[in-house]
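Database features, via TrEMBL:
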TRANSMEM  32-50  transmembrane segment
TRANSMEM  56-76  transmembrane segment
TRANSMEM  104-127  transmembrane segment
TRANSMEM  133-158  transmembrane segment
TRANSMEM  326-344  transmembrane segment
TRANSMEM  350-371  transmembrane segment
TRANSMEM  407-425  transmembrane segment
TRANSMEM  431-450  transmembrane segment
Amino acid sequence: MTDSSVQAHPADLRPLLAGVEDEVRRQRLRTVIPGAVLMLVLGAGLLLAADGDAGMGLAGAGAAALGVSGLASAVLRHRNRDLPLRTEQVDGAPATVLRRRAGWFWAGMSVLGVVAGAVLLLAVGALSTGSSVLAAGLAVVGLGLAWPLAFAAVGLYVPGNVALTGSGVRYRHLGLESMIAWEHLGAVTVLEGQRLLVLHPAPDTSAQHRYRAWPRGQRIHPDGVVTAMLQDWGTLATDVGRLVLHYAENPTERSELGTPAAAARWGHLTTRPVLHRADQWVVGVDRPSTDDDHATVDPDDGAWLPLWEPSADEHARRGVQQSMNGRLWVAVGLLVGLPGVSAFGEPGPWGPVSLGAFAAAGLTTIALGLVSPRPPELAALEGPGALTTPRGGVVLRCSSVRLRMGAVALASLAVGTVATVALFASSPGALLLGTLLALALLVVPVLVATRRLVVRELQLDEETITYRAGSRRQAVPWAQLTRVDVLRDGVIRLGLTDGDAVRIDVGGMSAHPGKVAMLLVRYRRQGGPRGETRDVGTVRVALQSG
């Protein structure tokens, strides 16, 4: 997979930051939409089958509401780009406010409202039947679910905003409110991978924090700093940090806040190049020329820092998704093994063969959802197709256990198909179709056995970087490598001299993606490995030490 981008500044990260954020949003859509559609179908089915049953009707309405909310939240998050600057009244004074778009927030709140309403209706029904204890329990649950919605309705629970006022900077996220005065602001730190903005107080001062509603949503930092999490806001932490820094260092220009002049300044800042993945500016201290728009910056400076790091919420969602995927593999395995039951008790050898083959395919498929193999360690290139000895070479691979298990499952299905056709085919057409299906099922096992289809692997030798994934193979000579960027989830972008780029995915390998990027950066700067790839131990130490 290759991509290209035109950058005004050769080291500008803004196009890459925007691109990787769009990729994350598209991936979320691919993940969320199938589940949301399934909930919609389930809800519609329950509503149609309810036939006057209140409990089933409420369950159907809740499932449908979850589906609608999931779709709305995914789509609205996907559209969050180019956050506008607003002029609002904060504590009775004009202020410049960056307000996170709230469509996804209210989509989630609507689900809470529907579920809370359904539970309260069940409580009323239980009370009408004389079950006072059950009614009281359901009422407590319903009111507990409605609590955040009530706080959100009165403005105490918010999706997020940063307000610049004449007195300081205020950050609000869910139930937390943090405030730091301009004269107490000592430094500004930005971490673009997390879209994190940190406002440090000057010595002997502190920011003010308070919880305005429950659930709190974010902990107060013990050092008294303001930590603003800006992921999915549609803006970069660097832009917000530069805006805060400007008004912290220029008190006479704070009169712009709450006027169109502040919006014009914001528009200018959002067009400046972003030259660093992480940065810190001390208020009132002259900064080096590397922060200038026309500065000469090493494009590999901080290349090992990802341009996007999953938040805690994202990690939680992935954990749930992995758990669901494991259960899905179990269900698929049971379905795969089911056809073998038809051959149970059949005379001759084909009956046991069919039963055993489908059972093996089903058990292997179930195991795919249960295993989590460790990746192999760094190794020397060897075997068929290995590079010649003078060029040396080492290879990092993902574990091939799951690929081989998948090949075994498909081969077992092919054997089971042949046996079933031999047992039950009553016409030449059925025999032909069964044979073609068996041959189709054998394609992947044959490709795996002949190493035409491989798991992801990264080969490094004295002349090239070679990346293989599936049936794809890409080679990049060291002389053509111009920059290295860790994008997200182990994906590394290799910039080439012709302006194109190659993406490699080193996630799930034995070395940390950041360490791999640091090694590639060092080899690029020195014009190649200079003999290091002829010694596996040397490369292993380099990957461990970084």
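Counting begins at 1 with the first residue displayed.
Every residue, even glycine, has its Cβ placed from backbone N, Cα and C.
As the structure is a computational prediction, the values presented were derived from the model and not from experiment.
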For the transmembrane segment (32-50), find every same-chain residue at least 6 residues outside the stretch whose CB is under 8 Å from a CB in it, and list them.
56-57, 59-71, 73-74
Does the transmembrane segment (326-344) make contact with the transmembrane segment (56-76) through 3 or more Cβ pairs under 8 Å, each pair 6 or more apart in sequence?
no
Are there residues at least 6 beyond the ends of the transmembrane segment (407-425) whose Cβ is under 8 Å from a Cβ of it, and what are they?
336, 339-340, 342-343, 346, 348, 350-351, 353-354, 357-358, 360-361, 364-365, 368, 431, 434-435, 437-439, 441-442, 444-445, 448-449
Please indicate, using numbers and ranges, the residues of the same chain that are 6 or more beyond the transmembrane segment (350-371) and have a C-beta under 8 Å from a C-beta there.
325-330, 332-344, 401-402, 405-406, 408-410, 412-413, 415-416, 419-420, 422-423
